[in-house]
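Only one structure is covered here, and it is reproduced in the block below.
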Amino acid sequence: MRNDLETLKHIIDSSNRITFFTGAGVSVASGVPDFRSMGGLFDEISKDGLSPEYLLSRDYLEDDPEGFINFCHKRLLFVDTKPNIVHDWIAKLERNQQSLGVITQNIDGLHSDAGSQHVDELHGTLNRFYCNACHKSYTKSDVIDRTLKHCDNCGGAIRPDIVLYGEMLDQPTIIRALNKIEHADTLVVLGSSLVVQPAAGLISHFKGDNLIIINKDRTPYDSDATLVIHDDMVSVVKSLMTE
C-alpha cells in the first residue's frame with residue numbers, strides 16, 4: 001500500500017492536466033447512500049413497494065406528479081450532507097491549477113459545495129430545481145427552507161434538475177466531459193464501478209499518460225490502468241495528504 005501511495009503522489013505531483021471522474025463511493029463518507037450497493041438507496045427505496053427505476057423515472061413524474069414530489073422530498077433531499085476530504089482534495093488541485101476539473105455521476109452537488117468550479121454533472125444535480133410545467137428555476141434552499149413542492153408561478157410540480165430514467169443525458173455536459181478526458185494527462189477515477197452506461201464509456205476516450213483507479217471493487221478498466229488501489233478512498237486521500 002505504501003508503494004502505491006508513493007506512486008500516486010508522484011503521478012499527481014507531476015501532472016498538470018488532471019481530470020477526475022467520480023462515482024457514488026466518493027460521497028458515502030458524507031452520508032449519501034450509494035444508489036446500487038447492498039444496503040444502498042436502491043435497496044432502501046425498494047421497500048416503498050415500487051421499483052427504484054420507476055420512482056426515479058419520467059413516467060412516474062407524469063403518472064403521479066404528487067407522488068414523485070413526495071418521493072423526492074423523502075428520499076433525495078440530503079439536507080445535512082457536507083463535502084468530505086476527497087471533495088476538498090479535488091477542489092484544492094483545481095485551485096492549484098493542476099486539474100481541468102471533475103466529471104461526476106453523482107447528483108448530490110458536493111463537488112460544487114467543496115469549491116470545484118469546473119464540474120460536469122452527468123446525471124444532473126440536486127442543487128437545482130425547476131418547475132416541470134413552466135420551467136421556472138429554484139434553488140435547493142428554496143425547496144428545503146420553504147418546503148416548496150409546487151411552483152409559485154403556475155402551480156406545476158417542482159422537480160430536481162437530475163436525469164430521470166427515460167430522459168437523455170444533457171449533450172453539452174457530455175461534450176464538456178469528453179473534452180476534459182481527451183485533454184487530460186492523468187485521469188483519476190474515484191468511487192465508480194465504471195459499469196453504468198453511457199457515462200462509464202467516456203473513460204475509453206482517455207489517451208493520456210496515467211489512468212488511476214481508486215475503488216473498493218474491481219472495474220472493467222483495471223487492466224488498462226497505470227495504478228489501481230482497491231481501498232477506501234478517504235483513507236487513501238488522508239494518507240496521501242500526510243505523505
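The first residue you see is number 1, and the count goes up from there.
For all residues, glycine too, the Cβ spot is worked out from N, Cα and C.
Keep in mind that what you see is a predicted model, and the values were worked out from it rather than measured.
Averaged across the domain 'Deacetylase sirtuin-type' (1-243), the predicted model reaches a pLDDT of 91. Among the features that Swiss-Prot reports, domain 'Deacetylase sirtuin-type' is placed at 1-243.
Summarising the annotation, Swiss-Prot assigns NAD(+) binding site to Ala24, Phe35, Arg36, Gln105, Ile107, Asp108, His123, Ser192, Ser193, Asn215, Asp232 and lists sequence analysis as the type of evidence. In the three-state DSSP classification, Ala24 (NAD(+) binding site) falls within a helix.
Look at Swiss-Prot and you will find Phe35, Ile107, Asp108 tagged as nicotinamide binding site, backed by sequence analysis. Counted within 10 Å of its Cβ, the other Cβ atoms near Ile107 (NAD(+) binding site) come to 23, all protein chains included. In the three-state DSSP scheme, Ile107 (NAD(+) binding site) is classed as coil.
According to Swiss-Prot, the active site, proton acceptor annotation covers His123. Residue environment of His123 (NAD(+) binding site) contains 18 other Cβ atoms, counted within 10 Å of its Cβ in all protein chains. Mapped onto three states, the DSSP output places His123 (NAD(+) binding site) in coil.
Sequence-distant neighbours of Cys154 (Zn(2+) binding site) (same chain, 6+ apart, CB under 8 A from its CB) are Cys131, Ala133, Cys134, Lys136. What Swiss-Prot lists as Zn(2+) binding site is Cys131, Cys134, Cys151, Cys154.
Take the CB of Cys134 (Zn(2+) binding site) and look out to 10 A: across all protein chains shown you find 11 other CB atoms. Taking the mean position of the Cβ atoms of Cys131, Cys134, Cys151, Cys154 as the Zn(2+) site, the remaining same-chain residues with a Cβ inside 8 Å of that point are Asn132, Ala133, His135, Lys136, Asp152, Asn153, Gly155, Gly156, Ile158. The most densely surrounded of the binding-site residues Ala24, Cys131, Cys151, judged by C-beta neighbours within 10 angstroms, is Ala24.
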